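Reading through the structure tokens given below for one structure.
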Ligand SMILES: Cc1cc2nc3c(=O)[nH]c(=O)nc-3n(C[C@H](O)[C@H](O)[C@H](O)COP(=O)(O)OP(=O)(O)OC[C@H]3O[C@@H](n4cnc5c(N)ncnc54)[C@H](O)[C@@H]3O)c2cc1C
Ligand SMILES: NC(=O)c1ccc[n+]([C@@H]2O[C@H](COP(=O)([O-])OP(=O)(O)OC[C@H]3O[C@@H](n4cnc5c(N)ncnc54)[C@H](O)[C@@H]3O)[C@@H](O)[C@H]2O)c1
């Protein structure tokens with residue numbers, strides 16, 4: 001076995017790992033980037049980019065579907081599944097190509113291929129070929145979709161999101177398990193592209209929402225358009241005898257079972273951080289119940305050790321911009337160690353690209369019920385009669401905004417509605433800037449724009465801050481039942 005020595009070893013060449021590698025190099029350290037799979041990152045290969053490509057095709061189909069309501073008739077709509085998937089794959093390959101080009105630009109001696117595993121706090125074994133000795137480490141190993149073993153046993157027609165973007169045609173039908181971000185984004189996109197889709201949600205959750213009023217509106221918006229069955233569990237999955245599909249048995253809240261056939265079952269029930277085959281038991285690090293090392297979210301340092309953890313691997317906020325921020329902080333601190341410094345953490349912002357879009361920014365309702373119980377007020381707006389939303393036939397949804405009683409400081413918001421991706425930015429910037437509701441209402445609002453709906457919600461919030469008692473949370477943990 002070959003032995004390599006380096007100052008910093010970065011495990012995983014995804015977004016967090018690549019950013020971490022560049023930060024450690026910028027800190028003047030000899031750095032080795034270790035990757036077990038192909039280069040290209042989860043985001044570009046099987047995540048953010050191909051999913052948004054599929055959603056854009058679905059948006060185009062949907063626009064034609066609603067056009068007659070404006071008096072515009074597009075004629076007979078045909079969806080060419082092969083052409084849809086061809087564009088998804090070719091544009092995806094283009095994005096992946098840019099990432100691979102970046103990695104190609106790194107010096108050859110900085111890269112190593114193989115699965116890394118700690119065999120001591122300062123040593124990694126890479127496959128069966130190399131021993132790496134390093135002074136500091138960045139764990140940036142990402143996450144893996146969860147597919148329960150009993151579903152996987154039904155064969156190759158049980159898939160995760162990874163498989164969707166390699167299809168060369170759209171299937172006739174897909175059962176989706178999970179009403180989280182992936183289940184709803186992909187489920188709605190496929191349904192809008194003419195695929196027969198049923199989405200099973202074992203509870204009542206909708207993506208990342210926690211506000212009960214927004215959740216209620218979101219459930220209605222989803223069930224109005226899609227076959228979403230809340231409070232319905234997938235209890236059995238078997239292969240079809242011809243091997244061309246799966247037989248899915250589900251059970252609703254009354255215990256009633258239903259058996260249906262689909263071409264695929266897409267498991268979208270969450271992703272697990274890749275910390276289990278890493279030999280972390282050989283590092284001496286303290287770990288939580290999921291096996292993730294305890295770390296400081298401002299420095300990414302695990303305990304007071306020379307090991308840092310970034311991106312989906314730490315499961316804090318499994319999103320692309322966070323992976324990049326984590327990676328930068330971890331790589332920088334690995335280079336500076338032991339002089340570790342807090343890095344820039346931004347206000348939380350999460351966007352789900354369904355239609356209506358879903359956005360949460362700043363502190364969520366469920367977080368405020370814990371941190372500010374009895375000390376925050378709520379304002380809201382429904383988009384049903386909001387002028388511009390109605391003009392665009394996108395008048396569905398609700399925004400709820402939160403502020404602190406004593407100071408009037410804006411704390412966060414949850415919404416489903418039109419242009420949530422833009423409103424999400426606006427409101428998360430306001431949280432990060434520490435604005436009060438009063439200061440936000442002094443800002444310009446044009447006409448007619450969806451942001452006038454934000455103003456309505458803020459005016460309502462200002463009123464509640466002045467005249468009403470503090471919002472009393474009905475529950476301590478408001479997360480919907482799983
Ligand atoms: C379908 C889907 C859609 C998404 N859409 C969005 C979106 O719209 N917006 C958004 O912000 N986020 C989105 N995300 C989330 C986003 O893709 C991830 O948060 C982000 O890519 C995580 O980056 P990472 O660097 O932590 O992990 P990754 O990019 O997965 O990198 C981890 C790397 O580590 C390697 N590795 C693992 N273990 C080892 C080991 N032991 N040795 C060596 N190498 C190892 C892996 O092979 C992998 O290359 C989406 C995710 C999915 C699945
Ligand atoms: N637009 C985006 O930013 C975007 C898009 C896709 C994915 N992502 C990231 O990827 C992560 C993973 O997405 P996801 O949708 O897989 O996870 P998720 O955590 O968003 O949703 C998982 C869903 O599965 C349900 N569930 C869990 N266990 C189950 C079981 N045994 N049976 C049935 N249902 C079960 C949960 O109640 C939940 O509704 C997200 O947290 C997100 O950060 C982000």
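Glycine is treated like the rest: Cβ placed from N, Cα and C.
The secondary structure of residue 447 (active site, proton acceptor), as reduced to three states from DSSP, is coil rather than helix or strand. Residues or ranges marked as active site, proton acceptor by TrEMBL: 447.
If you draw a 10 Å sphere around the CB of residue 52 (FAD binding site), it holds 16 other CB atoms from the protein chains shown. DSSP assigns residue 52 (FAD binding site) to a helix in the three-state reduction. Marked as FAD binding site by TrEMBL: 52, 141, 142, 143, 312.
The number of other CB atoms found within 10 A of the CB of residue 182 (NAD(+) binding site), across every protein chain shown, is 24. According to DSSP, residue 182 (NAD(+) binding site) is assigned to a helical segment. Taken from TrEMBL, the feature NAD(+) binding site applies to 178, 179, 180, 181, 182, 183, 184, 185, 270.
Marked as disulfide bond by TrEMBL: 43-48. For residue 43 (disulfide bond), the same-chain residues lying six or more positions away in sequence with a CB closer than 8 A to its CB are 14, 15, 49, 320, 323.
If you average pLDDT over the domain 'FAD/NAD(P)-binding' (7-325) in this model, you get 98. For 7-325, the entry in TrEMBL reads domain 'FAD/NAD(P)-binding'.
According to TrEMBL, the domain 'Pyridine nucleotide-disulphide oxidoreductase dimerisation' annotation covers 351-457.
In the three-state DSSP reading, residue 312 (FAD binding site) counts as helix. Checking the recorded positions 178, 180, 184, 270, 447 for a CB within less than 6 Å of any atom of ligand 1 leaves no residue at all. Taking only the Cα positions, the spacing between residue 270 (NAD(+) binding site) and residue 143 (FAD binding site) is 10 angstrom. For residue 184 (NAD(+) binding site), the same-chain residues lying six or more positions away in sequence with a CB closer than 8 A to its CB are 199, 206, 207, 222, 352, 354. Nearest to residue 48 (disulfide bond) in space, judged by Cα atoms and limited to the recorded positions 180, 182, 312, 447, is 182. If you measure from the Cα atom of residue 141 (FAD binding site) to that of residue 182 (NAD(+) binding site), you get 20 Å.
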